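Asks: The signal peptide annotation in TrEMBL covers A:1-23. Residues or ranges marked as domain 'Ribophorin II N-terminal' by TrEMBL: A:30-308. Residues or ranges marked as domain 'Ribophorin II second' in TrEMBL: A:316-423. The annotation domain 'Ribophorin II third' is assigned in TrEMBL to A:431-554. Taken from TrEMBL, the feature domain 'Ribophorin II C-terminal' applies to A:587-687. The transmembrane segment annotation in TrEMBL covers A:600-622, A:634-654, A:660-682.
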Amino acid sequence: MARNIGRFLVLIAAALIYSSALASSIFQPISDSHRSAALELFNPLGGSFSSVEKTYEELRTFEVLGIDKRSDISTAACQSVSEILGSSSSTLKDLFYALKVNGILQCGIKEDVFEGVASRLQSVVGGASALLDFYYSVGGLVLIKGQTSKDDLYLSDAEGVFRSIKALSQSDGRWRYNSNNPESSTFAAGLALEALAGIVSLSSSEIDQSLISTTKNDILKLFDSIEKYDDGAFYFDEKLVGAREHQGALSTTSSVVRGLTAFAAVTSGSLNLPSGKILGLAKFFLGIGIPGDAKDLFNQVDSLAFLESNTVSIPLILSLPATVLSLTKKDALKVKVNTVLGSNAPPLTVNLLQVLRSGSKDTSLIESQELKFDPEIAVYTLDAMPKSVDVGKYTFVFEMVLHDSDHKNLYATGGRIRIPIFVTGVIEVDSAEIAVLDSDLGSIETKKKIDLAGENTVSLSANHLQKLRLSFQLSTPLGHAFKPHQAILKLTHETKVEHMFVMGSSGKQFEIILDFLGQVEKFFYLSGRYNVQLAVGDAVMENSFLKAIGHVDLDLPAPPEKAPQPPAQPLDPNLIYGPKAEIAHIFRAPEKLPPKKLSLTFSGLTLLPFLGFLVGLLRLGVNLKNFPSSSVPAVFATLFHLGIAAVLSLYMLFWLKLDLFTTLKALSFLGAFLMFVGHRILSHLASSSSKLKSA
Amino acid sequence: MARTTSSDAQALFHSLRSAYTSTPTSLKIIDLYVCFAVFTAIIQVVYMAVVGSFPFNSFLSGVLSCVGTAVLAVCLRIQVNKENKEFKDLAPERAFADFVLCNLVLHLVIMNFLG
């Protein structure tokens, strides 16, 4: 039982911490757990992937995470890449991803192969009308340009292609997949932006600035449709439900991020995007945690890698290694600032602006102060906890200030960052005592001090005219009054009937007075020994406890007739759900059999009458003279006797192994035969004897 | 008195024996057979009294087999006896055929019951 309550306390504490952590979650940059997850999620069966797209996703994820696993799959991957690039029948999509894989692995594809692919892609770009065709072919050309020494790879009519892609855009910033399809999609917008960025980089001359600026306008419009979570994360979602290929929020956002960063990289001039939204996108990807799916992990890691190096604004993530700080152990407040992939931030100062007690109004407990930076471990620390911070739940408000004013446009810091912090400590328990009072006068009959830190075995006795008083004091490390989440007194009768009482408090003092006279009904008139336990627990109390104090012998009056019965004790769940007792099979004891000798003797004895019968026959002078002498009746007589013998031996077989039906079947034949021969011989005998008589 | 009784008994036995000698041999054979069957049954009953009736159906079938045969043999004897006017029209061969048939049926049941 004690263990159950202990578990319950822990559960409540965990639930409290969890629920408050959800309210404003803390985003941690990419860490080693992502790396191990990546190694687990991408484990190709037998070293080969089902498609070149998957291969690219794996390689790209490993590349971003800094895992060197290229050699494991490079041979197989390079082989399929050269096959795809060499074949004239491979699809655009495969070509595109094969080129991407080659970009990472450097497979050493020959120049003329690239030339063939490039001319094929050029022709596709010229005649394409669907967005995906543009996306794969332009993307492929950009990749070829990056992988070969050919700097003269240009699109012949870059502006025309740009316009035809642009023609698919909608007024709200989203794109259509092709001109026949009226449905617009956010995912397609990301693809279109990436393709447009590719065209800009492939263009031999400057693209018309008005085209660029309308595209920038499209991006801004697209960001108007961004959606937001309560924790500050921004994301794009596909509004279209009936789309042919429905994309989730993660892949949609990921596509937009790829397009946005690619477009921002090739165009000059600011996009005028609020840095908070870029930070919000980063928070969205980090807020996912570690995805359980390879595709999701690729989208997350790939997008974060683009955000890390984008030219709009690079998000900086402020994270805390620990959000539970112990006042007793004098834990220092530590803050880390990283980019999304976990690399170090540019020089900046972290200020602790406010410390707010959770649930109270916005009155800061401290003045704004600067955190000290330790360049060796890249951690910002607050030397000493503010004096006014006691145990409890707080919200700390931080702010990042970049040192270099040029960086202000480059990085997104996100303004004020509110982070929930638990400050825990050892709560001091003082002057605990338990006493039995006389009801009428209130005079103390017995009083015992108890030490709630150690073991207690108090033994008290009381009757229904008396009262039980338990009191103690709780104070925080700073000496303030502390009101724990739970302070419960538990009385357990010998019959396991339990009674719980919540302790009331005034300031530091906790006290409960149990007037047994008023409680007799609640106690079900059960006299006898009650074990006394005290539970005090809170999420921020490091020394939450459940202590047995001792026992009290209660002498209660006999129950009146209509007194309520104590409730039936719940069965031990082990009894209900635990293993049942093993079933012992009881077999009937074998009957006692007589000794073998005796049985054999009697078997022999049964032969004696038969011997006597034979002897008697001999003495009577029995003979077989009447046996028919002529041949035909003799045969029948022999057959008759043989038939009887056959039937008897059939009975013997029936006893030993045959079943009734087999026996009856055989018997029907034998019986008919026996009947026939028996009739013949007996009628012969009868006729001969009647002849004899008449003669 | 005693002597007279014993001599009477002797005389009685003597007359019985002499009367019995005149019985046809075939009837004697049947008598012998009945005795054989009855004694076999008695031995089995004794065995059961000594040991207990555990395989009760086996015991029953053994004893009933003997008793049944004896009863059938007695019936045969009644039918075959020429002094019984009642069965004068019945050929002894026919009686024997009945006896064989009944025995076969009886033993089929016995075997089924033997276990």
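Heads up, the Cβ atoms here are built off N, Cα and C, so glycines get one too.
Keep in mind that TrEMBL annotations are predicted by a computer and have not been checked by a curator.
Keep in mind it's a predicted model, so treat the numbers as computed, not measured.
Give me the structural setting of these features: burial, nearby parts and distances.
Replies: Taken residue by residue, the domain 'Ribophorin II C-terminal' (A:587-687) breaks down under DSSP into 79 helix, 0 strand, 22 coil.
Through the fold, the transmembrane segment (A:600-622) approaches none of its own chain's residues that are at least 6 residues removed from its boundaries at a Cβ separation under 8 Å.
Listed as Cβ neighbours of the transmembrane segment (A:660-682) (distance under 8 Å, sequence separation of 6 or more from its ends, same chain) are residues 628, 633, 636-637, 639-640, 643-644, 646-647, 650-651, 653-654.
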Asks: Tell me, what is the mean pLDDT of the domain 'Ribophorin II third' (A:431-554)?
Replies: 84
